[in-house]
Amino acid sequence: MAMVDQPLYPIAVLIDELKNEDIQLRLNSIRRLSTIARALGEERTRKELIPFLSENNDDDDEVLLAMAEELGVFIPYVGGVEHANVLLPPLETLCTVEETCVRDKSVESLCRIGAQMKEQDLVEHFIPLVKRLAAGEWFTARVSSCGLFHIAYPSAPEVVKTELRAIYGQLCQDDMPMVRRSAATNLGKFAATVEAPHLKSDVMSVFEDLTQDDQDSVRLLAVEGCAALGKLLEPQDCVAHILPVIVNFSQDKSWRVRYMVANQLYELCEAVGPDPTRSELVPAYVRLLRDNEAEVRIAAAGKVTKFSRILSPELAIQHILPCVKELSSDSSQHVRSALASVIMGMAPVLGKDATIDQLLPIFLSLLKDEFPDVRLNIISKLDQVNQVIGIDLLSQSLLPAIVELAEDRHWRVRLAIIEYIPLLASQLGVGFFDDKLGALCMQWLKDKVYSIRDAAANNIKRLAEEFGPDWAMQHIIPQVLDMVTDPHYLYRMTILQAISLLAPVLGSEITTSKLLPLVINASKDRVPNIKFNVAKVLQSLIPIVDQSVVENTIRPCLVELSEDPDVDVRFFASQALQSSDQVKMSS
């Protein structure tokens, strides 16, 4: 008897938990639907579980969202693709709820199921569902239906295809702006499935209605449709239908629409091709760069390099560069920041002479900007300019600015400079580097901010890798020797970190003769934090130095630290001793 009752138990638990007042229990049971479906078997899942879910009208959005997600991957549990249609009714109900994220997830799950369904089932079950939703009394159903047309359309018979195109046209003229927005959002996907003759007649007329909508929230979504439709149309049709719309949108009375055009302009240029871009879209782009809304200028400034790549250098210098100069002194710091993040990429487009004459002064003014993000964005892309103008000119014009920024009051700017130093070092060469930047690198080891000291220690290691152990012996080790006795314990700790990073680069001999004595001396420090860091450093040195040095110098020191009064010092010392034993055994 127990064996007969067992399959009933999961569904009984599910039903109990789904009716429980505790939302967490209801959520847990929904997330275990696949387990319950397995226990029930395919037939009972179809006949009992799915109808139960269709009737279950839980009012909590979190539970409904989880259900919509689970049902999207439920085809294997109902008996495969031939029975997929049983999953449509519960998802159809979820497509009509008020919460947007539940509807979106339901549409996503329906698309996933529809993509796997057989053509006959799509015609019999999926297409009627799309029609019902599109004719729904409540706007939520009509909003959801827009996202399903691209799945339903390809399998429909010719008569039904005509009907679906007409229904979509009605949705694009719906009284509710939310429905028109959904239609505008999904137009690109739907258009991709429509045959070429109907694309020009039906879809383009629908698109033109959307571009003239009185709601800016609908028009700005139509901007995205421009790029999607442009890729589907022949070049000449694209110029005839899409280009005038883009030009009008770039002068739209709503700044949100102009912002969308500025954001999408590069994709729009790809859609219409290079020649119309040069003749029609350059003036439109220049207008956007000079827009009176800062948000539009930010979006346009961020595309300045991408747009310049489409043009010839002459056109970029003639039309885009004057705008770039204006933007570099824009009243909005966010516009200058957006420009600074991409302006370096213009150097390869414009070539060496134009970069030196026109761009370099703009770089220098942005490097001295009062807003730290602007300076940061320029520093992080300096290597792109170096490839164009060469290191001599870069060092003459930009190095003074870099040295100034190395002492910037914003620590993130100093951090960006430190991270750029190894790249600069490799390009400047050792002689130039020692003269100008060597002192700075050691100075950062005593910065007030830990992140800077940490980055400075890593920086010294990377420089030692770049210039070799002999250079490090001459320029780094003497200064490390001086700083290891600094009165401030945090700086002494940074030096210990630098030693552990330098040791693998400098090799066994220099580590044993120069660095190890410093670490052993530091073990006598009165600050426990220094002592347990000594234990950590000694542990990192064990694999680098000879076994005899470990036995004669490192182990005695660690044994002494393992008897220290401080519990942390004892812990790290004993950890290092264990590591030493393991190395000994393996060798």
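These residue numbers are counts, starting from 1, taken along the chain as shown.
Here the Cβ of each residue, glycine as well, is placed from N, Cα and C on the backbone.
TrEMBL: automatically predicted annotations, no manual curation.
Look at TrEMBL and you will find 10-48, 164-202, 203-241, 242-280, 281-319, 320-358, 359-397, 398-436, 476-514, 515-553, 554-587 tagged as repeat 'HEAT'.
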Chain residues outside the repeat 'HEAT' (203-241) and at least six past its termini with a C-beta under 8 angstroms from it: 165, 168-169, 172-173, 177, 180-181, 183-185, 187-192, 194, 248-249, 252, 254, 256-257, 259-261, 264, 267-268, 270-273, 276
Long-range environment of the repeat 'HEAT' (476-514) - Cβ separation under 8 angstroms, sequence gap at least 6: 442, 445-446, 450, 453-454, 456-458, 460-461, 463-465, 469, 521-522, 525, 527, 529-530, 533-534, 536-537, 540-541, 544-546, 549
Reported mean pLDDT - the repeat 'HEAT' (320-358): 79
DSSP-derived helix, strand and coil totals, residue by residue, for the repeat 'HEAT' (515-553): 29 helix, 0 strand, 10 coil
